[in-house]
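Copied from TrEMBL, the annotated features are:
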type     : residues               : note
ACT_SITE : Pro2                   : active site, schiff-base intermediate with DNA
DOMAIN   : 2-149                  : domain 'Formamidopyrimidine-DNA glycosylase catalytic'
ACT_SITE : Glu3                   : active site, proton donor
ACT_SITE : Lys58                  : active site, proton donor
REGION   : 72-96                  : region 'Disordered'
BINDING  : His123, Arg146, Lys192 : DNA binding site
DOMAIN   : 278-312                : domain 'FPG-type'
ACT_SITE : Arg302                 : active site, proton donor
Amino acid sequence: MPELPEVEVVRRGLDSHVTGATFTRVEALHPRAVRGNDVDLADVLPGRTITGTGRRGKFLWLLLNDEGLERSYERPNESQDERPNEGQDERPNENRAGHGLLVHLRMSGQMLVGPIGGVTGLHVRIRAEMISSTGEPFELVFVDQRTFGSWQYVPLIAEEGQLVPATIGHIAPDPFESTFDPVATARAIRTKNSAIKTVLLNQGVVSGIGSIYADEALWAAGIKPTRKARTLRQRDAVLLLSESRDVMARALEQGGTSFDSLYVNVNGASGYFSRSLNAYGQAGKPCARCGTAIARTVVNGRSSYYCPVCQAGSVSQQRR
């Protein structure tokens, strides 16, 4: 599954290609590609302009203008009985902060930008014809081989100076957000009795980190992935979060990590951080720090890779 760096690469690509563009036609080609409520994207998106992009952890979204919108749709948790009846006033609620298009790439989702009709194949799930702010037509296409990803039309809420989808309010800030507090997050980590890798993957504690970058951050911090989170000292937990941010920043510079053609940016190009991995997928290869063969174990059903020597304790312990 794409992790924070891969999703951020896609967000940046979308931000430069589709901000200011207006939907003219939308066609959903697979029933699972649109999730969350009964909104027909073919009805609600044409005429709407993308005003910006956002991301938290592995989620990204497109901000939409509400100008000219004659009707709004229920929040995903509203019941059938709470929907406006036909003929009633369905103008947007003034208390809401507008709407957005939430995108979850999941295992194999791709957001591709190109000429209309330029993207073909069996795995095209949504086609959105658009016109740029300069009047040029193009197409935004959602491709998803495994059909786990989705688009979802959602209400936005104002949170700490930014607009975020109401449906992801339970997701913790990620290490790149201005609201991220590494000290408080480290304390939260140390309350958990699970293996530290499991805690890093808990999107309610810190978002955006998946198996790849968890292994890389744990290697950099010298912490074994099976170690109980509650046994970490505060400074080790803070160091681990710092290493998590650093490794994801390096991955972002290299376009993310791609092991196959399922993860690509909006132009269809793959990232190459896989060449720089120190732990993940490196079983049997020499540790870049000490030369010991990288080992593989399983943590909560996930393969995890670590150095048996370097990750016996923690970097702060080793430096004393």
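Cβ from N, Cα, C; glycine included.
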Residue among recorded positions Lys58, His123, Arg302 with Cα closest to the Cα of Glu3 (active site, proton donor): Lys58
Surrounding CB atoms that lie within 10 Å of the CB of Arg146 (DNA binding site), all protein chains: 12
Residue among active-site residues Pro2, Lys58, Arg302 with Cα closest to the Cα of Arg146 (DNA binding site): Pro2
Pro2 (active site, schiff-base intermediate with DNA) and Lys192 (DNA binding site), distance between Cα atoms, whole Å: 25
Candidates Pro2, Lys58, His123 (recorded positions) - the one closest to Arg302 (active site, proton donor) by CA: Pro2
Which listed residue (Lys58, His123, Lys192, Arg302) has most other Cβ within 10 Å, given these are recorded positions: Lys58
Helix-strand-coil residue split for the domain 'FPG-type' (278-312), DSSP-based: 0 helix, 12 strand, 23 coil
Pro2 (active site, schiff-base intermediate with DNA) to His123 (DNA binding site) - Cα separation in whole Å: 18
Cβ-Cβ neighbours of Pro2 (active site, schiff-base intermediate with DNA) (radius 10 Å): 28
Mapped DSSP class for Glu3 (active site, proton donor), helix or strand or coil: coil
Distance, Lys58 (active site, proton donor) to His123 (DNA binding site) (CA atoms, angstrom): 21
Binding residues His123, Arg146, Lys192 (DNA) - maximum C-alpha distance in whole Å: 40
Other CB atoms within 10 A, centred on Glu3 (active site, proton donor): 23
